Amino acid sequence: MLSSVLFPAMRTLLLLKYVFSLISLSAICCQTVSAIPVVSREGLPMTLSDKCAEALISDVACDPNVLDFKPGYYYSPEILQRACTDTCKSALDSYLDRVKSSCGTETIVGPFDLEVSALIVPGMRKDLFQKTCLQDNGRYCNNVAATAAVIADPGVSRFNYLSSVPPGTVPPDPCDIQHVCLYVDDQSMRNIWATIDYYSYWVLYIINAGCYNMHRLNGTELCISAPGQKFVPGDATDLPGATVTTPVPAPSDAASGSNRYCGRWYGVKKGDYCNLIVLKFGITMDNFIFLNPALNSNCTNLYAEESYCVLPVGDINTYSGKPGYVSTPTGSETTATGIRFEDLPDATENPYPRPPPGPPIAEGTRDDCNYYFDGAEFQYNVTNTYWNSNCQIPPPQVYRVDPESFESWNAGLGNISRPECSFKPGFRYCGRYYALSDDSDEPTPTTPITTSDDPTSTSATPTTPTTSSKPSPGAPTMTGQPSACNKWHTVTNGESCTVIPKTFGITLEQFLAWNPTVKSDCTENFWAGYAYCVGVKTLGPS
């Protein structure tokens, strides 16, 4: 019964398919190829010259399928016969020559936002054409490769079906089955549907990309899950030591600054990079940089032949600097002895005399300066002197600071080089925001130096601060450090050059200016055991 209905229907379908194939081939053979543009003007950058742009958007005498060629894709013999012509090959060669002569060294933005030559457009198109249209003894290699891929791994191919399976037979690789049931008008298809046994696995056609041939699968059963045994992930992980409770000793080549409270170290080899390491050890980039603070935010200063921490001890959120950190006291608890605060007698000593608060702070002046002065101290006649106004006298002569810093601390003065700039008597101004070293002199107001014999002008000789012997660095130093340096610091293992300036009350810019051999990100010439300048008596804070 099945064969009497099935095989006539199959012969009818195959005959129709053969007729339509002949019609399609005749249409392909008779169709002419028109010229097509390789790229559109809208896709080109505005920086290209008109001559180069015209060359890139010029037409080539190729089939439109040529523009759809992609590496690793397979195409039907009909498409290749239509697209792979000598005319198209010559057109692509001419297109390359036109772009080469018109564009010269002009560039466009290529893959990964890289700047590349404009020749990449015709070059890539010609390369894809040659690889896709490659032939051997009259056969397209693209078709041979497609057949080999199907045989090696059929997947959902037309060879993956059985006409029938004996009753009671269990497929070796069972899968979830979906019975296809579609309403069709063709009486013969309904007859086939009525006679097919439930266990039949007749699939004459595969599903195409748009599912437009589902009606041909009426009455069949399709596998809708991966065949075979379902994958069940195990409990074990291939990441060694996912959680450790005790730190391991740091190796001798441990990177400077890396956290020594570490559960695992990894020695970086040539060719390694940060993304590879974090994937290998299952750690996030943020945590990897947190455990190795010498690495910059982009992780571009990873050094080979050094070991880095790749696993925290316990929960990384309990580390100092993380939200879960709790400072735990060490040692045994002791019982407090002595008198309770509540039982202490009331104080009877008279408080020491406190100095008066002084004049009010001038408008725009900082309220947290280390040293203030009264505006009445600088009321001089600066005619025929080096200065345009009294505001220029305190910074270099008394407080040894640069004018820019002085202006920022006293924003209400504005530009201190203006002749109309002056201090208001009875108001305090910031003379120095920071404290100088212990051996520095206390600032003393100085009258300006006269430059003429005008008896009406006030003149005086500025006070010269006393000097003291400069301290010895106490360790090897770098070149370029100032001779006036009066404070040194010897770097120890694990120290960061971003922390040292904060320790000594200076800025990172000052530290780098006094130690010019140190790179701005402290990755070069910042060595343990070397002394670095952290204070200059005559140039700034220490």
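Placed from the backbone N, Cα and C atoms, the Cβ positions cover glycine too.
According to Swiss-Prot, the feature compositional bias 'Low complexity' maps to 443-472. Among the features that Swiss-Prot reports, domain 'LysM 1' is placed at 264-310, with the record citing sequence analysis. Taken from Swiss-Prot, the feature domain 'LysM 2' applies to 487-534. Swiss-Prot lists Asn218, Asn298, Asn381, Asn415 with the feature N-linked glycosylation site. Look at Swiss-Prot and you will find 439-484 tagged as region 'Disordered'. Among the features that Swiss-Prot reports, signal peptide is placed at 1-35.
In the three-state DSSP scheme, Asn218 (N-linked glycosylation site) falls into the coil class.
Per DSSP, the domain 'LysM 1' (264-310) is made up of 15 helix, 8 strand, 24 coil.
Nearest Cα neighbour of Asn298 (N-linked glycosylation site) among the listed glycosylation sites (Asn218, Asn381, Asn415): Asn415. With the fewest other C-beta atoms within 10 Å around its C-beta, Asn298 stands out among the glycosylation sites Asn298, Asn381. DSSP assignment over the domain 'LysM 2' (487-534) gives 11 helix, 8 strand, 29 coil. Counting in whole angstrom, Asn381 (N-linked glycosylation site) lies 19 from Asn415 (N-linked glycosylation site) by their C-alpha atoms. Comparing Cβ neighbour counts within 10 Å across the glycosylation sites Asn218, Asn415, the minimum falls on Asn415.
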